[in-house]
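S.K.: Annotations for this protein, taken from TrEMBL, read as follows:
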COMPBIAS  468-478  compositional bias 'Acidic residues'
COMPBIAS  486-498  compositional bias 'Polar residues'
DOMAIN    23-448  domain 'Major facilitator superfamily (MFS) profile'
REGION    451-542  region 'Disordered'
TRANSMEM  21-40  transmembrane segment
TRANSMEM  63-84  transmembrane segment
TRANSMEM  91-110  transmembrane segment
TRANSMEM  116-137  transmembrane segment
TRANSMEM  149-169  transmembrane segment
TRANSMEM  181-202  transmembrane segment
TRANSMEM  266-291  transmembrane segment
TRANSMEM  303-325  transmembrane segment
TRANSMEM  332-353  transmembrane segment
TRANSMEM  359-378  transmembrane segment
TRANSMEM  390-412  transmembrane segment
TRANSMEM  424-448  transmembrane segment
Amino acid sequence: MGRCDPEEGQLPAPVKPPDGGWGWIVLFGCFVITGFSYAFPKAVSVYFKELMKDFHVGYSDTAWISSIMLAMLYGTGPVCSIMVNQFGCRPVMLIGGLLASAGMILASFTTNIIELYLTAGVLTGLGMALNFQPSLIMLGTYFDKRRPLANGLAAAGSPVFLSSLSPLGQVLLEKFGWRGGFLIMGGLLLNCCTCGAVMRPLDMGMKRKMDKTQDKYEAKEMLPIGGKSEEGISTTDGTKKAKKAKKKPKKGKKLLDFSIFSNRGFIIYTIAKFILVLGLFVPPILLVNYAKDTGVPDTEAAFLLSIIGFIDIFARPACGMVAGLKWVRPHVAYLFSFAMLFNGLTDICSARASNYTGLVIFCVFFGISYGMVGALQFEVLMAIVGSQKFSSAIGLVLLIEAFAVLIGPPSAGRLVDALKNYEVIFYLAGSEVALSALFLAMATYCCLNRGKKEPPPDKNPTTGGGSDTEEAESDVQEPEEHSSDNHQPAHSTDNTMVAASEEANHVAEEQSGEGGGCPERDGEVLVRDGCNADQMVERDRF
């Protein structure tokens, strides 16, 4: 139950994404999951000052909590891919919601920073990972033509939850302390189980229709007839071969597809994302404490994250709509590069912001650029590898990004403790993001587009721009037409086979009347010595 494909662990190609219907419910579930997965590690930073006082640790030590959450979100990608391919999206998400909630509840009873790493970091991070990746896979199976817009709307969950969880965390911290805040946050994470419950696998209607057509054809072939012509036999053999060909892929079941590493576009994307993640999450994690150190009150400092989230809410769907335009979608990688460059330059230009007004301006531009990056990152990956290999591709990409997450924010926190200067951190983070943008744009142009040859014109051109599902539809129609074509000749030869059977019986009676001594066995007429071999006929039983 909840499995994407009961036979192979993945959605079969013939199933057409509905681009709507129940897909909107799946989109809402993905919206909530994305919000918790990306906003929660940043919102937890509100509690860092109190944790530093209670446990007598530095900022770099508390920053490891967010880093471990993100590392688990990314690093467990291959494990999550294997579990999804084996058990399906829905069961994995239900288990993930329980783990995420249990981690925060247990974190409220911890007595040292190491226990926080294991509960809030490892356990909650693992639970969110088991929710985040399956939700993206289900979103890709329900949407094709509207996929850029769907990705943008789902990605908007991150800023919506960031703008609400950060002030909520500040209120909980003031009224209940960090322990009570963690306990309530753990209860909120149980909503991930509800989102996992709505991840219904796509209907297998097309496959059932094909099986029904073949069963009807086989039933009519089993009806009693006088004999079988060569045409009927060849048709039956062709049907059996088609069945064997269909069963062959089941033997090569892959829990994790490593063949995507032969795709140059995937390699370029992975390297660019690794460099990007080194600096992308550093500014929002350090922003609250940076504002507090400059004299901004705690409530107003927490409100800065809400500004980023509010701008991000509109930036992501808008960018998804732009990416879905016909003249933009083929060049979505360059749009992604522009978004990363915009984000990096924002960090660099705002490094010297020393008052609340300057920080607000930084949050506005950072929210726009950060929303563009969030809306496009998985759309670019889906465009590179396709929906069928996306479950394996995202797991491997997230694993590689995990190393960058473990390097970036902790290193930035250690530099803050050593230098007591946030300006250098913003310069470094912005430079890393800008470098990833330049690498992706140049590598895409030089290694992919420059050497691309013009494909020969198709003899049978199709309309619609060649989406993933159009190939699937043609694969479905072909076996249906083949089965109907084979079914028609079988009916047209019924009279011929019956006539051949009657003639064979008449020849056999004449031979036995002449005393030829051709003995009969059950169901066949044998030829004696000297009889012509062409006169041997096999009769069907009734």
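Easy rule for this one: first residue shown is 1, then count along the chain.
For all residues, glycine too, the Cβ spot is worked out from N, Cα and C.
Curation plays no part in TrEMBL annotations; they are all automatic predictions.
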S.K.: Cβ under 8 Å to the transmembrane segment (21-40), counting only same-chain residues 6 or more beyond its ends: which ones?
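M.R.: Answer is 69, 73, 93, 100, 124, 128-129, 131-132, 135-136, 138-139, 142-143, 150, 153-162, 165-166, 185, 189, 191-192, 194-196, 198-200, 309, 374.
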S.K.: Determine which recorded stretch among 91-110, 266-291, 332-353, 359-378 has the most C-beta pairs below 8 angstroms with the transmembrane segment (303-325).
M.R.: 359-378
S.K.: With an 8 Å cut-off on Cβ pairs and a sequence gap of 6 or more, do the transmembrane segment (149-169) and the transmembrane segment (332-353) reach 3 or more such pairs?
M.R.: no
S.K.: Please indicate, using numbers and ranges, the residues of the same chain that are 6 or more beyond the transmembrane segment (424-448) and have a C-beta under 8 Å from a C-beta there.
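M.R.: Non-local partners: 264-265, 268-269, 271-276, 278-280, 282-283, 286, 333-334, 336-341, 343-351, 408, 412, 415-416.
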S.K.: By a Cβ-Cβ criterion of under 8 Å, what residues six or more beyond either terminus of the transmembrane segment (63-84) are in contact with it?
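M.R.: Cβ under 8 Å, 6 or more out: 4, 9, 37, 40-42, 44-45, 48, 51, 92, 116-117, 120-122, 124-126, 128-130, 132-134, 137, 255-256, 277, 281, 285, 391-392, 394-399, 401-403, 405-406, 408-410, 412-413.
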S.K.: Mean pLDDT across the domain 'Major facilitator superfamily (MFS) profile' (23-448), rounded to an integer, is what?
M.R.: 82
S.K.: Counting only residues 6+ away from its ends, which parts of the chain sit with a Cβ under 8 Å from the transmembrane segment (266-291)?
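M.R.: For the transmembrane segment (266-291), the far contacts come to 41-42, 45-46, 48-49, 59, 63, 66, 70, 74, 166, 260, 300-302, 304-305, 308, 333, 340, 343-344, 347, 356, 359, 363, 366, 370, 373, 377, 380-381, 384-385, 393, 396-397, 400-401, 403-405, 407-409, 412-413, 416, 422, 425-426, 428-433, 435-437, 439-440, 443-444, 447-448.
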